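Asker: Reproduced below are the annotations present in Swiss-Prot:
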- 1-8: topological domain 'Lumenal' (TOPO_DOM)
- 9-29: transmembrane segment (TRANSMEM)
- 30-337: topological domain 'Cytoplasmic' (TOPO_DOM)
- ASP286: active site, proton acceptor (ACT_SITE)
- 323-327: motif '(Q/R)XXRW' (MOTIF)
- 338-358: transmembrane segment (TRANSMEM)
- 362-382: transmembrane segment (TRANSMEM)
- 383-401: topological domain 'Cytoplasmic' (TOPO_DOM)
- 402-422: transmembrane segment (TRANSMEM)
- 423-450: topological domain 'Lumenal' (TOPO_DOM)
Amino acid sequence: MSDSGTLSLIGGIVFLVLWVVVWSICLLGWRTARIRYAHPNIPSRLSKLPVSSAPGVTIIRPLCGLDQNLYNTLESVMKLDYPKFEVIFAVQDEKDEALPVVNMVMEKYPEVEAKVIIDSRKVGVNPKVNNLMTPFQEAKYDLLWILDSTCSVLPGTLGRSVEAFFSNTSSTASPYDPESSPLLSISDDVRKPPIAGEVGLVHQVPIAVCYQKTWGSLIEQAYLNTTHAKMYLAINATSIDSCVVGKSCMYSRDNISHLTTPSPSLRSLPDPPSGLAGFGPFLAEDNMIGLSLWHELKLKHAMTSDVVLDFIGSLSVRDYINRRVRWIRVRKKMTLAATLLEPLTESIISGLYGAWAISRLLGGNILPLFLLHMAAWISVDISTKRALETNIKGIGPPESKVTFLMAWAARECLALPIWMLAMTSSEVVWRGQKYKIIASGEAIRLGDRN
């Protein structure tokens, strides 16, 4: 065999193995979606606990302006089926446009313990971290649930999240008898924050809901509800590392307070900040907090059978591209190797090298093999999407199958050009502000957007 033939054979073997690995990850995400989400949610036992026995939860909603469907997203936490919680609505400007909406929601549900915190303090470039500082300090309970302003949840989500948080508790109690639940003893006056080896963060997979049918919004929805969800579930199923998107996160305030800052620039200070303030230099603070809980405190992560509904506003295709470019540029400074390999996990690229490898090693025409690969890929994506939508049917406008397929195809075709564009720079624009992402993953403010 010639040298070129040998190299071709080796290349075929390598690409076939890689193709199998990529498909294994995809099928793991699909399988997780089918097992965990493709059935009605089971009500949490915690919803029946007396107030004195239930672990208290402080729900924090950081707000900035009028986000999509804001009234309904805020109202969702006022209707939770859980006996003991408070809600904090946090803004940084007393003239914030979200405040009238907050007041309407609070007036409608006077029986819910809720308050507004307005504080303009700044501890870093991340406005969300700045907005959370005072609510963290003033929270009534140690158990915190941070829920983004664009997100809505079903009434049973909180109970199932708290139950997942305390899933380390050993018991021989019957799961069908709330009175025998070990969680009866996990009241605020006796429980302690999680320790190494226990669950220290609970999160949900986000599912996009799109009322404004612009093409950028539809492509974003297709991405979040298929590729992103599938990979998110697969990575979390392996439990090899933290993978948290941050739309909905529950953790202990005490645990957060014991985290050292991952920021090299802050660690170089004579008295570096700890706790939440130590994450101020990062735009992807949720991911960094998840990594710190995982690696520094050795705390596990858990997911429930709930999804968090992420309402997407009107996006142009350019808006969609800019959003994806921004987060790839942030991610490449945090996990460079994974970001460099990302194109190889996309449907079209993996289909091309997979079809070539099979043709080289086993014979066959490349085009039919590629088309078969793409047909299988879209089938897995649709099945994953349907499983995740099991408990949210009827929420959001009707969806056209043809429109979805067009948006899905556009997403797949744009994946490589977007990645290539993201590799050309380390500058991003977020909420009208330009930043440069440096090697540590920190963001440096460059000035106001022109």
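Along the chain as shown, residues are numbered 1 onward.
Keep in mind that glycine also has a Cβ here, set from the backbone N, Cα and C atoms.
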Asker: Where DSSP helix means H, G or I and strand means E or B, what are the helix, strand and coil counts for the topological domain 'Cytoplasmic' (383-401)?
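Answerer: Taking the topological domain 'Cytoplasmic' (383-401) as a whole: 10 helix, 0 strand, 9 coil.
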Asker: List, in sequence order, the same-chain residues at least six positions removed whose CB sits under 8 Å from that of the residue listed as 'active site, proton acceptor'?
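Answerer: Counting only residues 6 or more apart in sequence, the Cβ neighbours of the residue listed as 'active site, proton acceptor' under 8 Å are ILE146, VAL244, VAL245, GLY246, CYS249.
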Asker: When DSSP states are grouped into helix, strand and coil, how many residues of the topological domain 'Lumenal' (423-450) land in each?
Answerer: 0 helix, 15 strand, 13 coil
Asker: Can you give the mean pLDDT for the topological domain 'Lumenal' (423-450), rounded to a whole number?
Answerer: 86
Asker: Using DSSP, how many residues in the motif '(Q/R)XXRW' (323-327) fall into helix, strand and coil?
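Answerer: Across the motif '(Q/R)XXRW' (323-327), DSSP assigns the residues as follows: 5 helix, 0 strand, 0 coil.
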Asker: Take the topological domain 'Cytoplasmic' (383-401) and find every residue of the same chain, 6 or more past its ends, with a Cβ under 8 Å from one of its Cβ atoms.
Answerer: 29-30, 33-34, 37-41, 154, 205, 207, 209-211, 213, 225-226, 229-230, 233, 305-307, 309
